[in-house]
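Novice: Below you will find the structure I want to go over with you.
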Amino acid sequence: MDQDYERRLLRQIIIQNENTVPCVSEMRRTLTPANSPVSSPSKHGDRFIPSRAGANWSVNFHRINENEKSPSQNRKAKDATSDNGKDGLAYSALLKNELLGAGIEKVQDPQTEDRRLQPSTPEHKGLFTYSLSSKRSSPDDGNDVSPYSLSPVSNKSQKLLRSPRKPTRKISKIPFKVLDAPELQDDFYLNLVDWSSLNVLSVGLGTCVYLWSACTSQVTRLCDLSVEGDSVTSVGWSERGNLVAVGTHKGFVQIWDAAAGKKLSMLEGHTARVGALAWNADQLSSGSRDRMILQRDIRTPPLQSERRLQGHRQEVCGLKWSTDHQLLASGGNDNKLLVWNHSSLSPVQQYTEHLAAVKAIAWSPHQHGLLASGGGTADRCIRFWNTLTGQPLQCIDTGSQVCNLAWSKHANELVSTHGYSQNQILVWKYPSLTQVAKLTGHSYRVLYLAMSPDGEAIVTGAGDETLRFWNVFSKTRSTKESVSVLNLFTRIR
């Protein structure tokens, strides 16, 4: 073996052992003669440290957070949603641009950055680069500062500072209004609250139906079924907001003119209480404890336009028409979620994944064919379905009974109300299923939910005999950058 190569090899072994095992290195020093060539210092190392000046730093920073975060990191990510946290993220991105040349132009949301940031297309370079690129960078590439620029930071940092800042989402955890609702029943299978398109709230209390105007705060009693020996089990407004349907304990469905306070008709056909109602233009669908779903056109005699849908083996407690009025979703106490169309008397789709009664049903107004459903105490899950293909999509365990679901009209979010054992109201972001807000205040199961016609407020009802109004959703505002006289980059100062 070549002596020079042997000396270099032995020198590397000794250096490695000195860094790992100090006692062994001391022993080697005592055993090595002073005139040995091993002890002579090296003037030129044979290890090369690669230069990473051309690395994709946005991907490298993303790789740091790929592992599971610790509780302290999760707490920091939660704090990052505040104003101070967002300022810290912007400052951190600015430092990465100026010190490391990261080229970040937009501050990412800490809750969605790890989900959506994907590595960009890699550049065609060698695995290791041992010298800087000889190509001269121009001021237009964004990383260098032009000699004629008045800003002390690079072009990429200027774009970062000019990027529009998304306003902080703040949802009040205190209801803006609370109304007393005496005799509001604590029954999971009933639907006693609905909000009309004319901004009038209908509530079934015992044997009566009351109307509350959100514009004038005036309360009127629409009907009293005590004379008939009956009670209210469901209410539902028509799409135009002029008619309200009232389901009764004896199985009748009454149609009332809300403005005139006059009963227009009484529909028969059910043999048990009617707990679910759903309008589709002039057609009214009703679900009952007799396991039957009846569809009737209120403009014609009942027997001429009646359709009987049989598919559930227990009480029907949830009914919702799709936003395009083509499909009807029904949930029952048999843990089934069925989907019907206009042309068939049998369900076109059947989902049996829930482990408890399915009362909470909601069709997405943002994605065609997307259906959400929630299960009772033994299930506690919110499930999402693609009714176009019949495939299940996502599922999340909420930890408590799911009583109601409603999609936001303005954003891809939905709200859920819960019973045993949390009695809470949750706001979710879809499809990430991250929790946006948690509202508490009811002491009983939050069994009833309705949304205002403008889509910004919701009302919840519970067995604690209260109705609580919450500002949950907000209309989308313009993200156009505001031109201010104080803007550093649009005015000469």
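A Cβ is built for glycine as well, from the same backbone N, Cα and C atoms used for every other residue.
Just lifted these from Swiss-Prot, have a look:
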- THR32: phosphothreonine (MOD_RES)
- SER36: phosphoserine (MOD_RES)
- LYS69: N6-acetyllysine (MOD_RES)
- SER133: phosphoserine (MOD_RES)
- SER138: phosphoserine (MOD_RES)
- SER146: phosphoserine (MOD_RES)
- SER151: phosphoserine (MOD_RES)
- LYS159: N6-acetyllysine (MOD_RES)
- 31-51: region 'Disordered' (REGION)
- 64-88: region 'Disordered' (REGION)
- 105-166: region 'Disordered' (REGION)
- 227-266: repeat 'WD 2' (REPEAT)
- 269-306: repeat 'WD 3' (REPEAT)
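Mind running through what each feature is packed against?
Specialist: LYS159 (N6-acetyllysine) has a Cβ environment of 16 other Cβ atoms inside 10 Å.
Residues 190-198, 200, 202-209, 211, 220, 272-279, 281-282, 284, 286, 288, 290, 298, 453 of the same chain lie 6 or more positions beyond the ends of the repeat 'WD 2' (227-266) yet place their CB under 8 Å from a CB of it.
As a summary of secondary structure, the repeat 'WD 3' (269-306) carries 4 helix, 19 strand, 15 coil according to DSSP.
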Novice: Give me the count of other Cβ atoms within 10 A of the Cβ belonging to SER151 (phosphoserine).
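Specialist: Counting Cβ neighbours of SER151 (phosphoserine) within 10 Å gives 13.
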Novice: Mind checking which residues of the chain, 6+ beyond the ends of the repeat 'WD 3' (269-306), have their Cβ under 8 Å from one of its Cβ atoms?
Specialist: 189-191, 233-239, 243, 245, 247-253, 255, 312-321, 325, 328, 330, 332, 340
Novice: Let me know the DSSP-derived helix, strand or coil state of SER151 (phosphoserine), please.
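Specialist: Coil, per DSSP.
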Novice: Between LYS159 (N6-acetyllysine) and SER151 (phosphoserine), how far is it from one CA atom to the other, in Å?
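Specialist: Between the Cα atoms of LYS159 (N6-acetyllysine) and SER151 (phosphoserine), the distance comes to 12 Å.
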Novice: How do the residues of the repeat 'WD 2' (227-266) split into helix, strand and coil according to DSSP?
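Specialist: Counting residues per DSSP class in the repeat 'WD 2' (227-266), I get 0 helix, 22 strand, 18 coil.
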